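J.: A single structure is presented below for examination.
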Amino acid sequence: IASGGASAQLSSGFYSRSCPGMLKAVRSALHPAIARERRVGASIVRLFFHDCFVQGCDASLLLDDAPGLRGEKNATPNKNSARGFEVIDAVKAAVEGCCPGVVSCADLGGPSWEVKMGRRDSTTASFNGAENNIPPPTSGLANLTSLFAAQGLSQKDMVALSGAHTIGLARCTNFRDHIYNDTNIDAGFARSRQSGCPRATGSGDNNLAPLDLQTPTVFENDYYKNLVQKRGLLHSDQELFNGGAADTLVREYVGSQSAFFKDFVEGMIKMGDITPLTGSNGQIRMNCRRVN
């Protein structure tokens, strides 16, 4: 987790003088992209998660492969899966038009809470970190908890941040085993998902299904209601409500959407504090995909 010195240098008003139009520029590119495809919102949140779990929140995920640099985009958790990079490019272009060379790629974003800023971009990436640090959809509760703990995040943070799966879609290859082989799944729900995800590997691997059965484009607590009904799409989702230590939190979020929102925001802020580069460390990339 970030040292006190590094995270203390981050602040929600970091660009208030150097780039006062920054948030407006971000919204000018981000909002139309989400209007065109609602799934993009979920994709951008996932990029943040996959970036922060590898070398900290340093935009290392955005780097393309280059001579002498093996990026993270082709690691198993990201290949044919991480998406929204072109939206980040559009946001970066809008911000550069507003104040060139001021805002890092690691700071781009615009959700509805006070996001701390002041990060700088890494000049390296870690393919191995992406392979090993990001929880796969086959994870059990113990593995999920330990991988989050390795980033300084509690089990409560993990359960709350998993609620991001109240929006977005998943590929058949990531939930096939759960809908055909697991027993902790509602039989009717399994059958409905099997209709769009054939049992044979390689058949329909990229077919999509909503992570939240009821409202895949609305951010609320239905994700947890699904878990209680054994309708989690991923094995790792249902592990949060499977007779283990996380059951109590899931029930709390079912009963109180405001408790979920509060803990989700706290988790996102903590995740944003994971080992940021600040001050003279790192750089402000002109192009998010390449080191300067």
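Even glycines carry a Cβ here, placed using N, Cα and C.
Straight from TrEMBL, here's the annotation block:
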type	residues	note
DOMAIN	9-292	domain 'Plant heme peroxidase family profile'
DISULFID	Cys19-Cys99	disulfide bond
SITE	Arg46	site 'Transition state stabilizer'
ACT_SITE	His50	active site, proton acceptor
BINDING	Asp51, Val54, Gly56, Asp58, Ser60, Glu72	Ca(2+) 1 binding site
DISULFID	Cys52-Cys57	disulfide bond
DISULFID	Cys105-Cys288	disulfide bond
BINDING	Pro135	substrate binding site
BINDING	His165	heme b binding site
BINDING	Thr166, Asp212, Thr215	Ca(2+) 2 binding site
DISULFID	Cys172-Cys197	disulfide bond
J.: Reported as an integer number of Å, what is the Cα distance between Gly56 (Ca(2+) 1 binding site) and the residue listed as 'active site, proton acceptor'?
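T.: That comes out at 9 Å between the alpha carbons.
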J.: With every protein chain in view, how many other Cβ atoms are within 10 Å of the Cβ of Cys57 (disulfide bond)?
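T.: Here the count is 26.
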J.: Sequence order is fine: just name those recorded positions in Cys57, Cys105, Pro135, His165, Thr166, Cys288 with a Cα within 10 angstroms of Asp51 (Ca(2+) 1 binding site).
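T.: Within 10 Å of Asp51 (Ca(2+) 1 binding site): Cys57.
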J.: So of all those recorded positions, His50, Asp58, Glu72, which one's Cα sits nearest to Cys105 (disulfide bond)?
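T.: Comparing Cα positions, the closest of these recorded positions turns out to be Asp58.
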J.: To which of the binding-site residues Gly56, Pro135 does the lowest count of other Cβ atoms within 10 Å belong?
T.: Pro135
J.: Out of these binding-site residues, Thr166, Thr215, which one has the fewest other C-beta atoms within 10 Å of its own C-beta?
T.: Thr215
J.: Give the sequence-ordered set of same-chain residues, not counting Thr166, Asp212, Thr215, with Cβ within 8 Å of the centre of the Cβ atoms defining the Ca(2+) 2 site.
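T.: Result: His165, Ile167, Pro210, Leu211, Leu213, Gln214, Pro216, Thr217, Val218, Phe219, Glu220, Asp222, Tyr223, Asn226.
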J.: Given the recorded positions Cys19, His50, Cys57, Asp58, which one's Cα is the least distant from that of Thr166 (Ca(2+) 2 binding site)?
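T.: Considering only the listed recorded positions, the nearest one is His50.
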J.: Between the Cα atoms of the residue listed as 'heme b binding site' and Asp212 (Ca(2+) 2 binding site), what distance do you get, rounded to the nearest Å?
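T.: It is 7 Å, counting Cα to Cα.
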J.: Between the Cα atoms of Cys197 (disulfide bond) and Asp212 (Ca(2+) 2 binding site), find the distance and write it as a whole number of Å.
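T.: Cα-Cα, rounded: 16 Å.
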J.: Provide, as an integer number of angstrom, the distance between the C-alpha atoms of Cys99 (disulfide bond) and Thr215 (Ca(2+) 2 binding site).
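T.: With the alpha carbons as reference points, the distance is 38 Å.
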J.: What recorded positions in the list Cys19, Cys52, Pro135, Cys288 lie within 10 angstroms of Ser60 (Ca(2+) 1 binding site), counting C-alpha atoms?
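T.: Cα filter at 10 Å returns Cys52, Cys288.
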J.: CB neighbours of Arg46 (site 'Transition state stabilizer') within 10 A?
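T.: Result for Arg46 (site 'Transition state stabilizer'): 21 neighbouring Cβ atoms inside 10 Å.
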J.: Rank aside, I only need the closest one: which of the recorded positions Val54, Cys57, Pro135, Cys172 has its C-alpha nearest to that of Asp212 (Ca(2+) 2 binding site)?
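T.: Nearest candidate: Cys172.
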